[in-house]
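A.B. asks: Sharing a structure, written as structure tokens. Questions coming.
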Amino acid sequence: MRQAAVIAILMAIVGLSFALGPQDWFARHVISLQREAQNALAGALRALRAGQPGAVSAFLLLCFSHGFLHALGPGHGKAVLAAYGAASPTSLRRLMVVAALSSLAQAAVAVALVYAAVWLLDGARGRIEGLAAMIEPLSFTLVGALGLLLVKRGAGRLAEVRRGGGADPHDHPPGCGCGHAHAPLTLSATRDRWEAIALILGIALRPCSSALFLLILTWRFDLDLLGILGVLVMGLGTVMVTASAGLIAQLMRRGMFLALPAGQSLVPAMAVSEITLARVGMSGFRKRQIGELSGGQKKRVFLARALAQDGQLILLDEPFTGVDVKTEEQIIALLRELRDEGRVMLVSTHNLGSVPEFCDRCVLVKGTVLSYGPTGTTFTRENLEAAFGGVLRQFTLGGAALHDDDDARHVSILTDDERPLVQYGDRTRRAGEVK
């Protein structure tokens, strides 16, 4: 529960920022806030030097705010953490720890650079920034190596899926001597550990320019300890943004996999999705957003989702509402196929004409159950009139108006303004019969 609360807070803080990131006005607004934070930080340093009361707490609060705002701009490992979260099946806790260690390590590298330069280069700002630029290629190399590692893992997993899921299962008694690894979780943990180390170092070796600037100023003002503490607090502000980037990516990944049937991997599931979309006649619309589809198309997509999850029990609420006749006939034909496959379907509908076409049994409800049983004996005019009351209308045609011979049969039409129930003599019209 606590973990869920932390995730919700982090996502609420920066979710809108990432959603609107590409917008120019948002970028300008962030830059303006960063400039104001820098000016406030300079004022806090003057207050620290003057020994004003409350200056330390105000300085640390501004460091945290500046770290958060500065991380909304380019850099700081957001993209790297988001890519790692999207590509790796890591835990949310591990992702948060990696984000925190990355930002704090980035702050530590800034401290090491500045004070190494103070010792070796007499604190020249230009030389310090030049030294920071010199180690950037190592950061790029580590991040690139991590990306190649993730690609290699994904390619191996894809090859395993295409082979049919790997080796046959077998037992490993003690001392079997088979040469296989008996502790795959240990191997996985070791691999994840090295990935995390590469990720942390890749981010840490690109120190924040604001941290370098702050450390140089506090060194000039003889406020070394406060400067180091301020940079670490700035790193905590950065964590709020970078951790959110990774968490959002990981949660999006989990959303994809949670929708899969138990035990099914992504590649076969994508093939199943294509097959089910084709079965409901929606392959040509697979790249469209759900909001771009018509009512009938949405209903067919929902049916495809149930089929992709291999549901043996399918619940449908008014599947024929808002669809045209052609779509309705397609849905009925599909439901009849699913029934013949042995699936159980519970359908709630006011569409009278569709019920006899695919329903084996029916229940008529009006406040309570009025009648139930096989459709042939339960779905009668008397029972329907009891269920629908005055809403139900009936039309009857027969005699010379219908026949040019002595045929005495009548056509009876019952409707509540949905698809009508048509009865010819003592028979109810079903799909496939001559109308």
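Just so it is clear, glycine is given a Cβ too, placed from its N, Cα and C backbone atoms.
Annotation source TrEMBL lists domain 'ABC transporter' at 156-392. Per TrEMBL, transmembrane segment is recorded for 55-74, 95-118, 130-151, 196-219, 225-249.
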A.B. asks: When you scan the chain for residues with a C-beta under 8 Å from the transmembrane segment (95-118), skipping those not six or more beyond its ends, what do you find?
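C.D. replies: Residues 6, 67, 76-77, 81, 84-85, 124, 127-128, 131-132, 196, 199-201, 203-208, 211-212, 215-216, 219, 228, 231-232, 234-236, 238-239, 242-243, 246-247, 250 contact the transmembrane segment (95-118) from elsewhere in the chain.
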A.B. asks: Six or more residues out from either end of the transmembrane segment (225-249), which same-chain residues have a Cβ under 8 Å from its Cβ atoms?
C.D. replies: 7, 10-11, 13-15, 17-18, 48, 56, 59-60, 63-72, 76-79, 81-86, 92, 95-96, 98-100, 102-104, 106-108, 110-111, 203, 208, 210-211, 214-215, 217-219
A.B. asks: Over the domain 'ABC transporter' (156-392), what is the model's mean pLDDT?
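C.D. replies: A mean pLDDT of 73 is what the model gives the domain 'ABC transporter' (156-392).
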